[in-house]
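This report refers to the structure that appears directly beneath it.
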Amino acid sequence: MNTPAGRVRTAVLISGRGSNMAALIEAARAPGYPAEIALVLSNRADAAGLARAAEAGIPTATVESRSFKGDREGFERAMQAEIIRHDIALVALAGFLRVLTPWFVRQWEGRMLNIHPALLPAFPGLDTHARALAAGVRLHGCTVHLVSAGVDEGPILAQAAVPVLAGDTEAALAARVLEQEHRLFPAALAWLAAGRVRLEGDVARIAVPDASGALANPLPG
Ligand code: GRF
């Protein structure tokens with residue numbers, strides 16, 4: 001596939017269905033989008049997202065984490081070799097279910113994004129929607145952040161909030177959050193690729209206008 005010169009070559013790392021990956025691929029098709037999805041890399045050969053990426057004409061690769069039992073860095077060095085072979089400048093973690101070592105994180109410092117299905121720093125880790133329901137929060141959502149060594153930690157680029165509705169189930173809430181993930185991740189990747197993200201210590205500043213106003217849920221009568 002022909003891609004315009006100057007777009008930032010980006011690898012998307014997945015472990016499963018790849019709906020965020022698909023949203024990134026779709027967004028990157030738009031004229032003027034500053035990143036190109038140049039590789040989809042999975043740690044599982046059976047990840048459904050791999051077939052989706054191949055259908056979209058994106059180069060794919062698999063580095064089976066299972067074959068590196070107990071040798072996390074060996075697994076990551078194999079991934080890194082694959083990523084470098086594809087001349088990648090940015091990495092987007094899109095449902096990549098492996099905790100990364102400080103070594104790998106260092107290789108991609110300031111150049112690796114993750115999407116997390118909660119409003120960090122609330123609910124890092126797994127089962128975020130069930131935990132949000134159990135905690136009774138009124139707003140839940142998703143976060144795109146730069147990856148640092150801690151799990152689901154690192155400078156936050158963008159967040160989207162959704163209301164938790166009366167009678168919500170985990171699946172209903174997850175679906176509402178996922179819809180926002182698919183909007184937020186392509187936007188954040190574009191900012192990073194276009195050089196609009198600047199770090200001040202642990203805080204990311206983004207050269208785009210802030211939203212103003214406030215959200216409240218339930219609505220005060
Ligand atoms: C998403 O909810 C993402 O936030 C989380 O894992 C899920 C992956 O879904 N990190 P998909 O593979 O992108 O559909």
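Heads up, the Cβ atoms here are built off N, Cα and C, so glycines get one too.
Lifted from TrEMBL, the feature list:
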DOMAIN    9-189  domain 'Formyl transferase N-terminal'
BINDING   Gly18, Ser19, Asn20  N(1)-(5-phospho-beta-D-ribosyl)glycinamide binding site
BINDING   Arg72, Asn114  (6R)-10-formyltetrahydrofolate binding site
ACT_SITE  His116  active site, proton donor
SITE      Asp152  site 'Raises pKa of active site His'
> Measuring Cα to Cα, how many angstrom lie between Ser19 (N(1)-(5-phospho-beta-D-ribosyl)glycinamide binding site) and Asp152 (site 'Raises pKa of active site His')?
Replying inline: 19
>> With the Cβ atom as the reference point and anything under 6 Å counting, tell me which of the recorded positions (Gly18, Ser19, Asn20, Arg72, Asn114, Asp152) are near ligand 1.
In response: Gly18, Ser19, Asn20
>> My understanding is the cutoff is Cβ-Cβ under 8 Å with a sequence separation of 6 or more in the same chain; which residues meet that for Gly18 (N(1)-(5-phospho-beta-D-ribosyl)glycinamide binding site)?
In response: Val12, Val40, Ala47, Ala48, Gly49, Leu50, Arg52, Ala53, Ala94, Gly95
> What is the total of other Cβ atoms whose distance to the Cβ of Ser19 (N(1)-(5-phospho-beta-D-ribosyl)glycinamide binding site) is within 10 Å?
Replying inline: 17
> Within 10 Å of Asp152 (site 'Raises pKa of active site His'), Cα to Cα, which of the binding-site residues Asn20, Arg72, Asn114 are there?
Replying inline: Asn114
> If you draw a 10 Å sphere around the Cβ of Asn114 ((6R)-10-formyltetrahydrofolate binding site), how many other Cβ atoms fall inside it, taking every protein chain shown into account?
Replying inline: 25
